[in-house]
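J.: Below is a structure I'd like to ask you about.
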Amino acid sequence: MNALARASKQALQTAARGFASGAYPDRKVAVLGAAGGIGQPLSLLMKLSPYVSELALYDIAGTPGVAADVSHINSKAAVKGYAGEDQLGEALKGADVVIIPAGVPRKPGMTRDDLFKINAGIVKALVEACGKHCPKALLNIISNPVNSTVPIAAETLKRLGVYDEKRVLGVTTLDVVRAKTFYAEKAGLDVSKVDVPVVGGHAGVTILPLFSQAVPGANKLSDADIDALTKRTQDGGTEVVQAKAGKGSATLSMAYAGALFADACLRGLNGDPDVVECTYVASNITEVPFFSSKVKLGKNGVEQVYGLGELNDYEKAGLKAMMPELRASIEKGISFAKESQ
Ligand SMILES: NC(=O)C1=CN([C@@H]2O[C@H](COP(=O)(O)OP(=O)(O)OC[C@H]3O[C@@H](n4cnc5c(N)ncnc54)[C@H](O)[C@@H]3O)[C@@H](O)[C@H]2O)C=CC1
Ligand SMILES: O=C([O-])CC(=O)C(=O)O
């Protein structure tokens, strides 16, 4: 099959999600930041998900329009828009999964950490509302810097007395999506059959793709190839920020990755026994308290955090190198949440 035929087959399969039978339990998904660059295409993709029966689209403004638009699609989910803080509680009530892409994106020259000042407070306030209105929901946190916003979410829920570490998940799926794409391209493999675990966090050197564990393996890639693939995966976000030249960061690929991850959470909730994704969660597999690795998702969220498996020397060095930055980002998030009570 040539690339075009393969792409159209995949597009048809994706579209078919919208017309799958309603054989799944009723599930409500809320998107917070639904009128944004990620929020809009993510809302579209969640409207196509066969696992969603109710879709709540929340933002500070603009959601009635997005909701009216998306709601005309002839798929299962009933869509409702919610705008402004007064409507946040209603948007969250009964939610099984809450996806949070609210906050500002990077401009060229900025790091993800430069977004902390604005996004930390946004995430804290939204997670507080989740703790009050849907304490059992699985939170999918997309807002950057993920390395800090997930600890902020955890600490905020702890303060409310409703923290369950199985239910707070940082979305790092885009790193996996990128690693698969770049690896398949370089190794000449069918991208639909490729898997690459990506561990660590979601910023620069804290993103560590484990190409030694890629499936299928590609023995013909040189150390220099692997180094280049690693760096491209780590800098994938910056590549898009620069190409967009001041008009934001990845939105379409992120919406795709966010929908994949939310669907995985929903499949886990529905009792699908084989749902494994890389995600940034509370973890004790390394020296830091939050870390992304392969995780089994089940009826209560995170069922098992898998270890790193065997790393080669290059990956061991990458793991060691990320620790100071990852630890600092985690501590910064926790301190913020504690100090801003
Ligand atoms: N985890 C990941 O892999 C990725 C994360 N991101 C992050 O996602 C975030 C969103 O990016 P974009 O959608 O491109 O930004 P955007 O600016 O296009 O959209 C953000 C939306 O959030 C809304 N918002 C702001 N404050 C809010 C609040 N208090 N409550 C509800 N909504 C609020 C805005 O009104 C806007 O509609 C950024 O922080 C970005 O860095 C982006 C790409 C990948
Ligand atoms: O790079 C950014 O700012 C957005 C992001 O997290 C990504 O694309 O991976």
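Heads up, the Cβ atoms here are built off N, Cα and C, so glycines get one too.
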J.: Please pick, from ASN74, ASN144, ASN219, the residue that TrEMBL records in the substrate site together with ARG106, ARG112, ARG178.
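T.: As annotated by TrEMBL, ARG106, ARG112, ARG178 share the substrate site with ASN144, chosen from ASN74, ASN144, ASN219.
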J.: Out of ASN119, ASN270, which does TrEMBL tie to the same NAD(+) site as GLY33, ALA34, ALA35, GLY36, GLY37, ILE38, GLY39, ASP59, ILE142, SER143, ASN144, MET254?
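T.: Among the candidates, TrEMBL records only ASN119 at this NAD(+) site.
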J.: Using GLY33 (NAD(+) binding site) as the reference point, find which of the recorded positions ARG106, ASN144, HIS202 has the shortest Cα-to-Cα distance to it.
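T.: That would be ASN144, nearest by Cα distance.
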J.: Counting all other Cβ atoms within 10 Å across every protein chain shown, which of the binding-site residues ASN119, ASN144 scores highest?
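T.: Of the binding-site residues ASN119, ASN144, the most buried by Cβ count within 10 Å is ASN144.
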J.: Measuring Cα to Cα, how far is MET254 (NAD(+) binding site) from ARG178 (substrate binding site) in Å?
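T.: Checking the Cα atoms of MET254 (NAD(+) binding site) and ARG178 (substrate binding site) gives a distance of 10 Å.
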J.: Of all the recorded positions given, ARG106, ARG112, ARG178, HIS202, which has the fewest Cβ neighbours within 10 Å once its own Cβ is left out?
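T.: Sparsest of the recorded positions ARG106, ARG112, ARG178, HIS202 by Cβ contacts within 10 Å: ARG106.
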J.: Those binding-site residues, GLY33, GLY39, ARG106: which ones have a Cβ sitting under 6 Å from ligand 2?
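T.: Correct list: ARG106.
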J.: For the C-alpha pair, I'd like the distance in angstrom between ARG112 (substrate binding site) and GLY37 (NAD(+) binding site), rounded off.
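T.: GLY37 (NAD(+) binding site) has its Cα 17 Å from the Cα of ARG112 (substrate binding site).
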